[in-house]
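Only one structure is covered here, and it is reproduced in the block below.
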Amino acid sequence: MEVFSLLSGSGLIFFIWHMWRYDGFRCLIPTRQDWFRALICYLMLASISLLFACGLIQMYVLYSQYFATINGITLPKPWTLWPERFQQLWRDSLYILAMGWACLQAVHLEEFLYWAHLMSSIRYPTGPKVSWVRSVYFKIWVGGTLAGLVLLYGAVNIERNDLEVMRSYLFLVGGASSAVLAIFSTGLCFAVPSFVRTVRSQGASYEVLDRLAFFAEMNGIRTVFRWIYSIAFIILSADGLSSAKPINTSPFASDLVLMTAIVAVLIVACLSVILLLPRNMTAEALPATAIPAKMRMVAYPRPRFSSVNPPHSAALTASSGGGGRAGSEVQIDQMAILGRRLNLDREAMGGMTEDLLELPHQVAPKPPASASSGASADGDSTREGYKASQSEEHIFTQQAAMEEAMGSTGTGSKRAKSPKTGVRWSEVPSILSRERQGAETPPMPAGSMSPRRPPRPSEIWVHTEETVKRD
């Protein structure tokens, strides 16, 4: 049990250190947006802490009562010769172990169900249009968590006199339920690659794909160790409930199987911590001082729709309740949730959290008459309120955008070319806010053709001369 205490204590220290490096323990503060993540963090913290407490209690009991000296010979002392106080401490440690195991299984079940809900929402535009808390997956998680807690506590209470049988029943129920979660995790391993292809087709950035690839690899490793400790606990419990008990009566075999299971449990717990709170190493690698004053212009690619359900199709309009925007709002919300799950900001999402249907022409505000006449004092040209110190050809005026749009719809052109729009970095939130607050398009009858719309920009080119500082 000293190995169990050492490993669980190391896991607790690692979790505390990881939370500090993640956001300075702010993940433990429940907010309106991230209260559920705080709940899962508390469940994980309680799980590792309870496992550590169980290891300490059992180590204290074994070091106090495990050996006895008879005629000068030191022999292992059977539990039937322990004083009642130490037997009760051992029973209490099994209850603590059941509680910690139930919390750990609740975290593992949440990960599978949460990703299943997120994948179905992003993969199918006509899929679930409810939040995680109102989805059927959340109800399954609540029911599964309560069922796991009841089963583990019921397994401990099947036998209260024989300490070995109590532990065998606990290992049997816990190992069987962990094997069921391992089956779910295996299915998630097979579903992640197709989900990555779906997100890539919708315009995901390389950082999003890199995070998803890291999640897929770590989840595969974690699934292997889940199978290891599930099978190990089932072997120990089945042998303990048998009459011969060949493994439990062998000190080497029992310690080997038990230590293998304990090491696998702690590895799974540490990997769950890393995947639950993924650190943004790119942001942490940046210096704490200001980033260079002039940032390069970054293109935000528009997501590509499949030919099955284009953005203005009748199927999407009918499924969204009459307005063609409802499905897009669900898509935006789920993409934003994916970014928060991967610990990525809006910039790293590569424009996936923007409006997927349309974005009107956004142009620079016209400068005052004194600023717009002639050239500036340092010889730089001024154009619609933007100071072009170099050849910033991606900044368009309203007239240039309209000329490009009208020229692309001339005779012989098969498809209108979408103009680009130049905006400042600080204007992007206000642009998206004005678009979401704009007039809604009236619903079109099913099967009818939507009216011709003016070309919409396929990219937003952001340029800034401001100094951006990290918090």
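For all residues, glycine too, the Cβ spot is worked out from N, Cα and C.
What TrEMBL says about this protein:
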COMPBIAS  369-379  compositional bias 'Low complexity'
COMPBIAS  380-390  compositional bias 'Basic and acidic residues'
COMPBIAS  462-471  compositional bias 'Basic and acidic residues'
REGION    363-390  region 'Disordered'
REGION    403-471  region 'Disordered'
TRANSMEM  6-23  transmembrane segment
TRANSMEM  35-61  transmembrane segment
TRANSMEM  136-156  transmembrane segment
TRANSMEM  168-192  transmembrane segment
TRANSMEM  224-244  transmembrane segment
TRANSMEM  256-277  transmembrane segment
Beyond the flanks of the transmembrane segment (224-244) by at least 6 residues, Cβ under 8 Å: 108, 164-165, 167-172, 174-176, 178-179, 181-182, 185, 254, 257-258, 260-262, 264-265, 267-268, 271
Sequence-remote partners of the transmembrane segment (35-61) [C-beta within less than 8 Å, at least six residues beyond its ends]: 1-2, 4-5, 7-9, 11-12, 15, 19, 27-29, 82, 86, 89-90, 92-94, 96-97, 99-101, 103-104, 106-107, 110, 132-133, 265, 269, 272-273, 276-277
Range from 6-23, 136-156, 168-192 with most C-beta pairs under 8 A to the transmembrane segment (256-277): 6-23
